[in-house]
Amino acid sequence: IWKTLNSWFWWENIWMPINCTWEHFVDRDGLVFPKPHQLYATIPYAFILLIIRFFSERYVAIPLAKALGIKNVRRVKPQPNPVLESYFRECSKHPSQSEIQGLAKKCNCTVRLVEKWFRRRRNLEIPTVLRKFQEAFWRFSFYLASSIAGFIFLYDKPWFYDIWQTWVGYPFQTLLPSQYWYYMAEISFYWSLLFTLGIDNKRKASGLCLLATFFIIFLFSPSQDFLAHVVHHLAAIGLMSGSWCGNYVRLGTLVMFVHDTADFWLEAAKMFNYAHWEKTCNMLFIIFAIAFFITRIILFPFWILRATLYQPTYYSTTPVIAYFLFNGQLLVLQGLHLYWGYLIFKILRRFIFLK
């Protein structure tokens, strides 16, 4: 069964143009091609990033937070109570007054003590400002570094200025060392984000949602921020991994660069928001919003999607299956852009008109 599924998955008609086989992607004559098995390295690289994150949050983010006036608030833990703990986890974190009275009788204590216990227990679920600052600092550091590295890798490439160059010579385009490390870093980062979704801020739900529920979740349940991030990370990993296997590396690096250039502004705004530097936070958020709408709402659909949906028809009259798979994932990401763009617009509207 495994061999059959594997042969179906790597069927040439899925990944590459007609009359091309995997034998054509053997390194030769100075040409180096991306190889699917190289993606296995992103898992250990992800754990390396987690180690870097641990030390950067502990030895850089914490001193920086203290310099900005953020203090580490220690919350009081409630007294151990198996009955109340079981009710808190399995039934409700906000019991009604009648439920509190019933729990008080069951535990042989006063109603006030039960209310106090639930209040303290709920407070433990809320991440501290310092913890939020640490996470924002890590994301800011990576997005800033990847944006700078992406610009250095791309600024002298012809396809950075002329999107048509992404298809010149395809599929026999050589893999550059800078493209290899750019891909490895990005995929590893999103793996690391998936590994820590359960402990990061506002990631209290568990499990993975299917891409088929995408529009229901985002169009009708905007509060499901955890599920939005799960879909975003999985779509990003799937898109980058698929583009690596199909040697769509030139377009892939452009997609990654367009995504990263706005994100570090948001994380910087979060850090200053936690430090109560309101004017700096507002200015950074406005810069982020401008960068977001330029890169995600304008450049991505009218530059990247145009190159993936429209331009391939000039090079092949029979699109391969990967054409529909990759463009489907890109459209999923664009749907996420519109969802988050709507939320950003609401915040800007409140900021401008309601001060």
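Yeah, the Cβs are placed from backbone N, Cα and C, and that goes for glycine too.
Taken from TrEMBL, the feature transmembrane segment covers 39-56 (among others). If you look at the transmembrane segment (39-56), the same-chain residues 6 or more away from its ends with a CB under 8 A from one of its CBs are 137-138, 141-142, 184-185, 187-189, 191-192, 195-196, 241, 244-245.
Restricting the average to the domain 'Homeobox' (84-122) gives a pLDDT of 83. If you look up TrEMBL, you'll see 84-122 marked as domain 'Homeobox'.
Taken from TrEMBL, the feature DNA-binding region applies to 86-123. Within the chain carrying the DNA-binding region (86-123), a Cβ under 8 angstroms from the stretch's Cβ atoms is held by residues 75-79, all 6 or more beyond its ends.
What TrEMBL records for 131-353 is domain 'TLC'.
Same-chain residues lying 6 or more positions outside the transmembrane segment (136-155) and placing a CB less than 8 Å from one of its CB atoms are 49, 53, 56-57, 60-61, 64-65, 176, 178-179, 182, 185-186, 189, 253-254, 256-257, 260-261, 263-264, 267-268, 270-271, 274. Residues or ranges marked as transmembrane segment in TrEMBL: 136-155 (among others).
Taking Cβ pairs closer than 8 Å, the transmembrane segment (180-198) reaches residues 34, 38-39, 41-43, 45-50, 53, 142, 146, 149-150, 153, 206, 226, 229-230, 233-234, 236-237, 240-241, 244, 249, 252-253, 256 in its own chain, all 6 or more past its ends. Residues or ranges marked as transmembrane segment in TrEMBL: 180-198 (among others).
Under the heading transmembrane segment, TrEMBL lists 205-224 (among others).
What TrEMBL records for 230-249 (among others) is transmembrane segment.
Only residues 6 or more beyond the boundaries of the transmembrane segment (281-304), in the same chain, are considered here, and those with a CB under 8 A from a CB of the stretch are 163, 251, 254-255, 258-259, 261-262, 265-266, 268-270, 272-273, 330, 333-334, 337-338, 340-341, 344, 347-348, 351. Marked as transmembrane segment by TrEMBL: 281-304 (among others).
Residues annotated as transmembrane segment in TrEMBL: 324-345 (among others).
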